[in-house]
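Enquirer: The structure is given below, and queries will be raised subsequently.
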Amino acid sequence: MLNPIVREFQYGQHTVTLETGMMARQATAAVMVSMDDTAVFVTVVGQKKAKPGQDFFPLTVNYQERTYAAGRIPGSFFRREGRPSEGETLIARLIDRPVRPLFPEGFVNEVQVIATVVSVNPQVNPDIVAMIGASAALSLSGIPFNGPIGAARVGYINDQYVLNPTQDELKESKLDLVVAGTEAAVLMVESEAELLSEDTMLGAVVFGHEQQQVVIQAINDLVKEAGKPRWDWQPEAVNDALNARVAALAESRLSDAYRITDKQERYAQVDVIKSETIEQLIAEDETLDANELGEILHAIEKNVVRSRVLAGEPRIDGREKDMIRGLDVRTGVLPRTHGSALFTRGETQALVTATLGTARDAQVLDELMGERTDSFLFHYNFPPYSVGETGMVGSPKRREIGHGRLAKRGVLAVMPDMDKFPYTVRVVSEITESNGSSSMASVCGASLALMDAGVPIKAAVAGIAMGLVKEGDNYVVLSDILGDEDHLGDMDFKVAGSRDGISALQMDIKIEGITKEIMQVALNQAKGARLHILGVMEQAINAPRGDISEFAPRIHTIKISTDKIKDVIGKGGSVIRALTEETGTTIEIEDDGTVKIAATDGEKAKYAIRRIEEITAEIEVGRIYNSKVTRIVDFGAFVAIGGGKEGLVHISQIADKRVEKVTDYLQMGQEVPVKVLEVDRQGRVRLSIKEATEQSQPAAAPEAPASEQAE
């Protein structure tokens with residue numbers, strides 16, 4: 001019989017339910033978590049034995065959204081879900097980042113977490129629910145895991161923090177921050193903000209961590225009742241004698257190698273030291289394992305770097321703790337792009353471009369929470385040559401998607417509103433060199449490229465990556481970390497923003513015991529670094545260009561009456577298609593009568609505007625127009641009088657005498673003056689050639705309505 005065990009608790013304005021023992025009983029652990037009708041089913045499977053020779057922790061986190069959760073059938077050709085979307089990949093990373101550091105060092109058994117969204121309330125985002133589910137399932141499983149963790153979303157509305165705001169509330173919020181941590185410490189922060197102060201951001205982190213304690217308590221209660229026995233796993237015994245022998249051979253040499261400031265030269269020397277040490281030790285004792293020796297060497301390497309930093313000595317590349325690497329900033333580096341920049345910080349370099357398009361170029365995202373249109377696209381590419389390696393080149397990997405989203409968050413707060421700048425904007429960051437913080441280099445490069453493209457961003461933005469080395473109560477916060485300092489340190493702390501405040505904050509902490517005070521020091525040190533970088537960037541370009549690139553489409557806007565929209569579109573889109581082909585422009589019409597004409601050639605745009613004004617012009621009774629015969633019938637002739645309008649000249653209105661045969665007087669394509677006699681309720685136009693000929697006044701083109709044009 002199925003005997004589900006359920007725990008229910010209040011979490012801010014939401015009710016959360018944890019249920020286990022009902023489904024997936026062959027998995028190591030499974031939990032159904034629901035928050036106000038948004039439900040995520042999370043399973044964990046762990047292998048009891050590690051694969052022979054396994055030298056890393058193979059944790060996989062999969063997050064998948066099922067369209068049935070929202071009562072929909074997939075819109076794809078096969079009518080089923082396919083590869084993970086960008087959003088699913090980002091949430092999988094959001095789950096992975098806080099749980100990964102909580103597995104004990106040396107644990108290399110394969111573990112897989114699968115979170116499946118099975119029901120969704122459009123007001124409750126499933127990401128927090130999935131994070132709570134992963135924490136609960138891992139805690140129940142008995143797998144060595146130093147959790148549970150809690151997770152919370154924090155908004156900032158009317159100068160107040162809001163716990164787990166609804167989707168509607170998020171639209172009003174100046175902050176969207178996700179924080180995860182254990183009972184004692186914060187482990188992960190991911191956020192975007194509308195240029196908020198350091199104190200406000202830190203307050204949000206602390207608020208979220210305090211509020212999520214109720215989640216941790218509920219999971220602990222569930223584990224007491226339904227948790228599986230803890231695995232009898234012990235780390236391999238430390239071989240002190242072997243450690244000492246390896247240290248004697250390699251420590252001083254590695255210490256010298258880490259004084260080489262050039263990354264590639266340093267890596268080559270470290271590799272030589274490691275391979276020579278391993279060869280010598282195996283020659284002395286063939287029973288030794290090369291993987292084990294490699295791990296000991298890595299630990300020595302880590303200790304060399306960390307102890308030097310804690311002792312106040314210069315860093316790997318000779319800098320002090322708060323120094324920024326040398327900067328080189330250039331704009332307009334690519335002649336035919338709409339905007340471009342090359343941003344170099346030490347051995348990290350990004351070639352960034354900005355491309356302008358029309359509303360038609362915006363990306364339509366069919367997401368579980370509903371369809372939305374994204375008019376600001378940010379793509380980050382990390383080719384293998386950027387770190388001097390060979391490798392696969394193709395579709396973006398999880399890391400590239402995550403870094404691209406972080407960089408986008410950094411720039412989003414300063415992007416202009418669509419009503420002021422009606423362009424779709426795509427930024428692409430090509431990482432051409434990398435040695436730490438390429439995502440923050442992408443933020444700096446994007447700000448420069450957007451200004452070079454003439455995009456009226458509200459302020460310049462820059463990003464910086466901070467690091468931390470901590471032993472006991474002794475700690476050092478590092479500015480502008482290298483790749484090695486990220487890898488060997490205890491924290492990766494990325495901050496982007498303008499002179500006025502923070503636009504994005506991402507934090508990943510590998511150890512417990514990071515206090516509010518340490519985070520405060522890191523944020524303040526990051527602010528100084530950010531302002532320094534902005535100062536250098538402003539020397540290259542200190543404001544958006546006054547005009548967009550000559551190669552970018554210019555969008556001209558006019559307004560027409562809503563009842564004229566059908567005339568411009570035509571039957572089945574025939575008129576607007578013909579206009580687009582005739583004028584060589586792109587034309588978009590909105591429901592309120594706003595017409596946007598995009599063209600790289602100003603004359604083509606003016607011609608398109610003139611043609612639209614002709615089509616939408618009102619026909620004036622009693623006025624004479626030039627016309628062209630389009631169709632001849634027994635009872636008269638149909639003529640076009642400009643702007644796609646057609647009227648009938650009855651046989652009795654062709655001449656001032658009796659007409660027996662229309663073709664005796666008119667031929668197809670013939671141009672004749674006509675006078676408007678009447679426009680009936682159906683919009684049909686009755687015309688006269690006879691009366692137009694009798695009158696002496698010259699013919700006129702249709703009068704165009706007054707229009708508003710904005711470039």
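Heads up, the Cβ atoms here are built off N, Cα and C, so glycines get one too.
Keep in mind it's a predicted model, so treat the numbers as computed, not measured.
Pulled these from Swiss-Prot:
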type	residues	note
BINDING	ASP486, ASP492	Mg(2+) binding site
COMPBIAS	694-711	compositional bias 'Low complexity'
DOMAIN	553-612	domain 'KH'
DOMAIN	622-690	domain 'S1 motif'
REGION	689-711	region 'Disordered'
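Help me picture where these features are in the structure shown.
Expert: When secondary structure is read from DSSP and collapsed to three states, ASP492 (Mg(2+) binding site) falls in the strand class.
Helix, strand and coil counts from DSSP across the domain 'KH' (553-612) read 32 helix, 16 strand, 12 coil.
Residue counts for the domain 'S1 motif' (622-690) under DSSP, split into helix (H, G, I), strand (E, B) and coil, are 8 helix, 33 strand, 28 coil.
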Enquirer: Among all protein chains shown, how many Cβ atoms are found within 10 Å of the Cβ of ASP486 (Mg(2+) binding site), not counting that one?
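Expert: Around the Cβ of ASP486 (Mg(2+) binding site), 19 other Cβ atoms lie within 10 Å.
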Enquirer: Helix, strand or coil by DSSP: which one applies to ASP486 (Mg(2+) binding site)?
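Expert: Assignment for ASP486 (Mg(2+) binding site) reads helix.
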Enquirer: Under a criterion of Cβ-Cβ distance under 8 Å and sequence separation of at least 6, what residues of the same chain contact ASP492 (Mg(2+) binding site)?
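Expert: For ASP492 (Mg(2+) binding site), the qualifying residues are ALA465, GLY467, ILE481, ASP486, GLN506, MET507, ASP508.
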